[in-house]
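Undergrad: Annotation comment: Swiss-Prot describes SER110, LEU111, LEU112, PRO113 as (6S)-5,6,7,8-tetrahydrofolate binding site, evidence class sequence analysis.
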Amino acid sequence: MKNIIFMGTPSYATCILKELIDKGFNVQALFTQSDKPVGRKQILTPSDTKKFVLENNLNIEIFTPKSLKDENIINEIKILKPDFIVVAAYGKILPKEILDIAPCINLHASLLPKYRGASPIQSAILNGDKISGVCTMLMEEGLDSGAILESTECDIEGKNSAEVFIMFSNLAAKLTISTLLNFEKIIPKKQDESLVIHCKKIKKEDGLITLDNASEIYQKFLAFYPWPGIFFENGMKFLDIELIDSEKTQKSGVILQVEKESFLLSCKKGILKIKTLQESGKKVLDAKTYLNGKRLKLGDSLF
């Protein structure tokens, strides 16, 4: 039985942690982010992985260090003598002192060297990639730059971030087990630095849209679901849309067709079907109800 130290924070990591336990690995310790204030009442809430360990009364020691460079933390890890350190969306950089203790295997939600960084799923969707996947990587000091151990790919076309997140969680869980069981036989493959694409952390303002390009708006809608969503300068949000045409050029913002519960809206390039929307500070409405309330009709401008 292999001894594992697991480092991870969100539900993506919990899926992997659960699989490790189910497959009989000895998870000695969980390293995760500190409890964070959540919601209007700012209630101090544990990470998803910590919550999983506590709710299931698992005999796994939990660490929430502010820094992994703390000598006491490094010594704690050395004392445990892990066979592997498995890292999945932990949120902290591992210093060389920890990388040298045992093989550190990172689960990354892209087919590296594409999308190194904090938003690989959203970036793949934004760029309209039809295929993406997850990989296991032997960690080094650089950001997502280590040698690839194994990878698995799948079709993400037309799927939003929430859907891909669930798919990748399951793929990553299975891939983790495969990599650990076959580690001695796997030949690590260096990443091709000429193919590197970096991706940044998503901010709320990334969801801002204008009616220029229907295809780009639709990819943003998929990539930024459920957060930050897509919205206009005036605060209006499009909550459910479809891409109808990506090429036709015309005046933007015109209601081209009114349907039972939706309407077609022109962009400078392309056409969108608007199904559900929400004005700033108002309740969510289906598109037809919104038009009726505003007394908007075929040929009118939405704004």
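Cβ atoms here come from the backbone N, Cα and C positions, even for glycine.
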Undergrad: Taking the center of the Cβ atoms of SER110, LEU111, LEU112, PRO113 at the recorded (6S)-5,6,7,8-tetrahydrofolate site, which other residues in this chain have a Cβ no more than 8 Å from that point?
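TA: Neighbours found: HIS108, LYS114, TYR115, ARG116, PRO120, CYS135, ASP144, ILE148, SER151, GLN191, ILE197.
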Undergrad: Between LEU111, LEU112, which of the binding-site residues has the fewest other CB atoms within 10 angstroms in the structure shown?
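TA: If we count Cβ atoms within 10 Å for the binding-site residues LEU111, LEU112, the smallest count is at LEU111.
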Undergrad: I'd like the Cβ neighbour count for SER110 ((6S)-5,6,7,8-tetrahydrofolate binding site), meaning other Cβ atoms within 10 Å of its Cβ, all protein chains included.
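TA: There are 24 of them.
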Undergrad: What is the total of other Cβ atoms whose distance to the Cβ of PRO113 ((6S)-5,6,7,8-tetrahydrofolate binding site) is within 10 Å?
TA: 19
Undergrad: Helix, strand or coil: which one is LEU111 ((6S)-5,6,7,8-tetrahydrofolate binding site) in, per DSSP?
TA: coil
